[in-house]
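For reference, TrEMBL has these:
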- 34, 64, 81, 109, 110, 128: S-adenosyl-L-methionine binding site (BINDING)
- 128, 154, 155: Mg(2+) binding site (BINDING)
């Protein structure tokens, strides 16, 4: 499996864009960004589903926001970030890569920013923030999602701990993993959405509204 992934990652290098240079920065500075295989899967979903308005919860340095926006100049991304250092870095990157007109950042805790966008609607929501809060993010923002809209949640397998929680020794990590387990179970039983899980990288949940 590892050889297969290495092979596929090498293939993806043929399609790399300038934004990809931020991956090296993120790795060197331990900034969490979406894994490469996961990113390519999400980009393919965007090409198929063709959303024009995307809400991202968790900006970090703006890597995924820009990757989404780069697919089509018609795409508008609203992204929420609470960390001031990440906000500053992301804004710099949006300007450096010329995405200021496509990406709008909301600064603050996503659990407190609903009123900032409550009159907007979205075709897709990408949840990639505090893992223990995914259910709260989902419940808070999916009323803004259009019928047949897509919610993508990253890290639903979290370092393989979700499937094998007994190996987790750290108490805080174990509590977070339990919340991810409960979130996954809640997702699959949510009748308002059809959800499928993908076992790539750190795990991906794809939920379609109204299916």
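Every residue, even glycine, has its Cβ placed from backbone N, Cα and C.
Remember, predicted model here, so these are calculated numbers, not experimental data.
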Cβ-centroid neighbourhood (8 Å) of the Mg(2+) site, 128, 154, 155 excluded: 34, 38, 58, 127, 129, 131, 153, 156, 202, 204
Among the binding-site residues listed here (64, 81, 109), which has the Cα closest to the Cα of residue 155 (Mg(2+) binding site)? 64
Tell me which residues of the chain lie with their Cβ under 8 angstroms from that of residue 64 (S-adenosyl-L-methionine binding site), as long as they are six or more apart in sequence? 33, 34, 39, 42, 56, 126, 128
Are there any residues in the same chain, six or more apart in sequence, whose C-beta is under 8 angstroms from the C-beta of residue 81 (S-adenosyl-L-methionine binding site), and if so which? 58, 59, 60, 87, 90, 105, 106, 107
Alpha-carbon distance [residue 154 (Mg(2+) binding site); residue 109 (S-adenosyl-L-methionine binding site)] in Å: 18
Roughly how many Å lie between the Cα atoms of residue 154 (Mg(2+) binding site) and residue 110 (S-adenosyl-L-methionine binding site), rounded to a whole value? 16
Going by a 10 angstroms cut-off between Cβ atoms, which of the binding-site residues 109, 128, 154 has the sparsest surroundings? 109
Residues near residue 110 (S-adenosyl-L-methionine binding site) by Cβ (under 8 Å) yet at least 6 apart in sequence within the same chain, in sequence order, are 57, 58, 80, 82, 129, 133, 137, 140, 141
Taking DSSP as the reference, which of helix, strand or coil describes residue 154 (Mg(2+) binding site)? strand
Could you say whether, by DSSP, residue 81 (S-adenosyl-L-methionine binding site) belongs to a helix, a strand or a coil region? strand
Under DSSP, is residue 64 (S-adenosyl-L-methionine binding site) helix, strand or coil? helix
Once the chains shown are all counted, how many other Cβ atoms turn up within 10 Å of the Cβ of residue 155 (Mg(2+) binding site)? 22
